[in-house]
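Taken straight from TrEMBL:
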| type | residues | note |
| --- | --- | --- |
| DOMAIN | 124-265 | domain 'Sodium/calcium exchanger membrane region' |
| DOMAIN | 442-592 | domain 'Sodium/calcium exchanger membrane region' |
| TRANSMEM | 20-37 | transmembrane segment |
| TRANSMEM | 123-143 | transmembrane segment |
| TRANSMEM | 155-181 | transmembrane segment |
| TRANSMEM | 187-210 | transmembrane segment |
| TRANSMEM | 222-241 | transmembrane segment |
| TRANSMEM | 380-402 | transmembrane segment |
| TRANSMEM | 408-427 | transmembrane segment |
| TRANSMEM | 439-457 | transmembrane segment |
| TRANSMEM | 463-485 | transmembrane segment |
| TRANSMEM | 506-525 | transmembrane segment |
| TRANSMEM | 545-567 | transmembrane segment |
| TRANSMEM | 579-601 | transmembrane segment |
Amino acid sequence: MTEGEAESEGQAPWGLVARGLLNLYWVLSWVCVLLMVETVSGAGGPSAGTRISSQFPASGVNQSPVVDVSVQCREVCGLNASSRCDFVRSNPDCRCEGGYLDYLEGIFCHFPPDLLPLAVTLYAFWLLYLFLILGVTAAKFFCPNLSAISTTLKLSHNVAGVTFLAFGNGAPDIFSALVAFSGPRTAGLAFGALFGAGVLVTTVVAGGIAILHPFTAASRPFLRDIIFYMVAVFLIFTALYCGRVTLAWALGYLGFYVFYVVTVVLCTWIYQWQQRRSLVYSVPGTPEVLSGSEEDRVSSNTNSYDYGEEYRPLFFYQKTTAQILLQALNPLNYRKWRTKPVYWRALKAFKLPVEFLLLLTVPVMDPDKEDGNWKRPLNCLHLVISPLFLVLTLQSGAYGVYEIGGLFPVWAVVVIAGTALAAVTFFATSNSEPPRLHWLFAFLGFLTSALWINAAATEVVNVLRSLGVVFRLSNTVLGLTLLAWGNSIGDVFSDLTLARQGYPRMAFSACFGGIIFNILVGVGLGCLLQICRGHVAVELEPDGLLVWVLAGTLGLSLVCSLVSVPLQCFQLNRVYGCCLLLLYLTFLLVALLTEFGVIHLKTV
């Protein structure tokens, strides 16, 4: 298997470059819009550097306390039980950035102190259900739409991995980094979380892909991505060493990512040009070998046809619009329900509400089906509900309820526009044949499913942070463990799902492309936003030795992969995956020993 197995054939050179640049422009523009929304919504809040004079009273009297923002939220468990609620509500370090629920206030204000174990247990179950939401969204909605977009734009797996999949996976990391760059202490936490997520994805996720679906990596894309990643880590390491990020450095990070995407697109075109040139000089009459993507499509079409033959009805009849809508919104397959064991039925029962909401809000285009999964009544309904879901998800719904001119809310404008578009689409199409622009639903479904993942991952991060406060974990440990794990949930589910579905190379490419996106765009946009707010530069205060352990481990994992993978002739097998998992466990052990002072630098 060679590099060309993941590349599509017959694209015009400048058309491919234009598509890649258009994808990058779309991604960065969408993130910049979110930044502007965040800036407007947060303009009325207190400044990050404001300090309130008095300290929180240690005795814990029943009055509204005035706290110093330097007091960390994890100190709440050391206070009197009657003072914890006021402390959580008044301490800026306890505020949740984003999300729909305030989990810390729920624990310390709505549960009696003696029921704290019950609150933690409920949070743990809610956390598991959030994991379930992420898994269902990634497997049945996010990845199919990503595959449809790649097929529609004729993008290679590598280009799709470093653009669309990187953006979908990187949303939690980007948003967390933008919030964390509001102050020097939290800026160091942001670097720790980004480095921790980088170590997790390049070891656990990449190793899991190799274990689930051993494959042969494309040599040149692998070397290109890992070298770019090492340069990106070095640039961030330099910023940490200097202790500040200036405007030139922030723009340099963004420019370097643009250069990376352009390099991916150009490398893809050069390889395709070489393949076409070699076919010209090939021996006449020699049968051409299908590329990997073509084999995937052929096998997928064949499998879907054979699978459908068993249940193909003997007599066909025209379904009504209401029947099509009810069948499309039904997440339960009754034939499969009767044949599956009890544990599968129990899990399916838990997933049914989530699957119904996802079917109602996320369109899915399937190029392997003859009709592309065109469901006329449901797709028209998506034109109303999906945009409404988008505006109610941005900034946890704050942007959706914003009133234009103080009179008309944004969500009402979206509903009116969506209803008009849905009506035109309904009367201009038929139930039996998809419209010419049906491929646009793949983009709408990709964006909606990405925001589903982002919303669920934001809640996961907030739950994990609340549990970290309860168990009195420091900000550093919180960044490299709970925050990094929470931010990487999208990468874990999306990439491993792609590997199980037979796309290990796209998933492996996304491991590196996504983290390059997170580090460069997260740091670049986060620092640029702070500089635009009036700061000359963003000052960084790394939290001691542990940040250097993070950076060193990330660099070590990249060097090990750079050396070991070529020595294996780019064959990524289960042994390689297990070694990556062992490296992450070793890193986690060293990091925890460093945090608790077992490993430390000797003072002279």
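Glycine is treated like the rest: Cβ placed from N, Cα and C.
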For the transmembrane segment (380-402), distant same-chain residues with Cβ under 8 A (at least six beyond the ends): 34, 37-38, 41, 98-100, 325, 360-363, 409-411, 414-415, 417-419, 421-423, 425-426, 441, 444-445, 447-448, 451-452, 454-455, 458
Cβ contacts under 8 Å made by the transmembrane segment (187-210) with residues that lie 6+ beyond its boundaries: 173, 176-177, 180-181, 229, 233, 236, 240, 475-476, 478-481, 483-485, 487-488, 491-492, 495-496, 499, 504, 507-508, 511-512, 514-515, 518-519, 522-523, 526, 538-543, 546-547, 550-551, 553-554, 557-558, 561, 572-574, 576-581, 583-584, 587
Stretch with greatest number of CB pairs under 8 Å, the transmembrane segment (545-567) reference, 123-143, 439-457, 463-485 candidates: 463-485
Cβ-based contact of the transmembrane segment (463-485) with the transmembrane segment (123-143), 3 or more pairs under 8 Å: yes
